[in-house]
Every structure is written in C-alpha cells, then in structure tokens.
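Below you'll find the structure, written out as structure tokens, and then a few comments.
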C-alpha cells in the first residue's frame, strides 16, 4: 500500500475486492466485511466488491470486471503486484501477442496438444517469440493477472495507466516462510490452519490491526474458512448428482464430470480429492474454480444471464474512509453504474448468484449465527472509517 501511494502519488486509493469466493477457486479466509476493515485500516479509501460472476473466473474475465468497476469510478491509475515489476514488459508482451497472433496461436495449440495446460502453453509460446528480458514470465500467477488488467484497459478504451510493483522474497504460492518480514498469502493461510501453530507465528508478516481483526473474527465466529470446512457439503452434493446434472455446472468441460464423480467416491478430504483429480491438462486453480461452482450450484445458464462479457452491472460499496466518502460525493453524478450501499431491494442476475454464494459461504456457521450473518449481508451498509482518529464510525 505504501509503495502504491509512493508510485502513483494518488489522491485516494480504491480497492476492488472479491466477495466470499476467490479467483483461485476457494473460500475467502474471513468475510468480506472483516477484509474491508483490514483494507481501510491499511490506507484504502474506498472498498468495492467484485461480484462472484467475475471474481471466480479465469484471469481475463476477472480483470475485465475489475477494470470496468475502476473505470466507472474514474480511476486514473491501476497498481498491481507482479513477479516482473516492469509495466513496459507487459505492454511488449501484449504487442507481440497482437502482432504475431498467427504464430502465437499456433504455438499455444502445439503446446496444449503436448498435454500442457493453457497457462503453461501460453507461457511457452511467449518465450518462443520474445526474448526473456523483454517478456513477462506467464507461468507466474500475478503476471498472468497483470497482463489481463492491461489488456482490459486497452479493450475498454480506458485512459487508465498501469503501474506494477515487483513482489520480493516470496512468490504467490510459496508455502513456507523464507524471509523475516515477507511471506506469501499461501504460506500465511497454511500457518493459520496448522494445529501446531499459533496466530503469533504470522504476526511479523502482517500489519498489527490486520492480526487483531483476524483474531477477532476467530473469536466471534469460531472458525476461519478453507475448503476442508466445506468438504462434507461438497461431497454430499456430488454424491447426489449425476453426470448429466454436472454438465449444467459452469466451467464443466465434457468428460471432467465423469472424472469428478469417480474421484470423489474414495476421497476423505478436499486435498486428497484434488490430488486424485488433478492432471497435466487441468491446473489446480482451474479445478478448484469448477469445484466452487459445484458447491454454489452456479450453472452455465446463470452465468450467461449475468452477461459477464460486458462490464460489471453495479458497484457494491463495502467501505469508505472520510476521504473516500468525499470523493464519492463529488463524483457520484459522473459515475454511470448504480452504486449499491445494500442489496436488499436491487435485482439483477449477477446479484442472484451473489446471494447464493453468500448463503453457501455462511453455511459452515452454527445457527442462529448463520441466518443472522446472511440477513446482515443484504442489509449491511458500507463500513465507515475515520483515517484521522483511526476509528470506525
């Protein structure tokens, strides 16, 4: 956050955040409301939600939804973390893909026919066309997403400029701590679910207020969220579904439904299920997203109605600082998308999916807490934070 402010010299910081389920195909560690508090206490002025229909997607669709929201809010610069750290290299890679489209597509097809995933095939294709020093390593997840952010900016004819901050020490998927002060999100999540680890283990790697809110969530709700918490629901659902039922689920490719139904039979945990399910063709993240759609019963028809090829249909405001509130007041007439401060009365196919995913997310809670949280999510107004006094209002 400090680097973003230094790099962009921004007046305000706006964060677009996924809701209950994430782009890598798993439940968020804690609710979006607690994550909003974390963002506000760490310098963000406006926190808005990226709907499930965009958030649990491949990088291209995820980026398209996020950029459309930021564009509507009048953002002048986007800043993202990447393994590369040079925005120019992203533009070079996009230019090569466009100028060498025929060669690029041929190479991607060639590498996929060799049994590689699309992400791996794309990475190899770029390396065959562009020298490594001018090319973005497309095997890295943050680089993949960063490239799609810039492509979305160009596609939407936005005047937004792109900046990127190089990730140091830990890569996105690193599972262990290699540095005294920097840790990957994956390693932090792993430590939080380690029975032999306490919350103090991760304190050197996250802001003090973030650690406090994390502990507060555990005390109030008795759990953190990961796939294992939902596995019994997931397995039960699959045991009651046929291959024909699964074919209606979004992102279910022909043949994958048979493999899923076969591997679930003898799986005693989500991890063991994924280990049995994965192949060279399907990445772990790609399979997790398919599993998320099974868990939430998100169908191809529902996503079609949500019309994800277009921009996000609304802006769900989750939280704001005093500065953020002032920005919205001054610019609300320029913002073409409806801004939702709650979802109780608004109707849209995208929001129908959102309501369902929230219900599933809270399903692991005990009653009456489960019902209370679900009701609150629809009526919850944006969290307000005074950045001067550092207090929630």
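Note that Cβ sites are derived from N, Cα and C of the backbone, with glycine treated the same way.
Under the heading ATP binding site, Swiss-Prot lists 81, 142, 167, citing sequence analysis as support. In this structure, residue 81 (ATP binding site) is part of a beta strand by DSSP.
Under the three-state DSSP scheme, residue 167 (ATP binding site) falls in the coil class. Note on residue 81 (ATP binding site): other Cβ atoms within 10 Å of its Cβ, all shown chains, come to 17. Shown in sequence order, 81, 82, 83, 85, 142 are the residues of the chain, 6+ apart in sequence, with a C-beta less than 8 angstroms from the C-beta of residue 167 (ATP binding site). Largest Cα to Cα distance within the recorded ATP binders 81, 142, 167: about 9 Å as a whole number.
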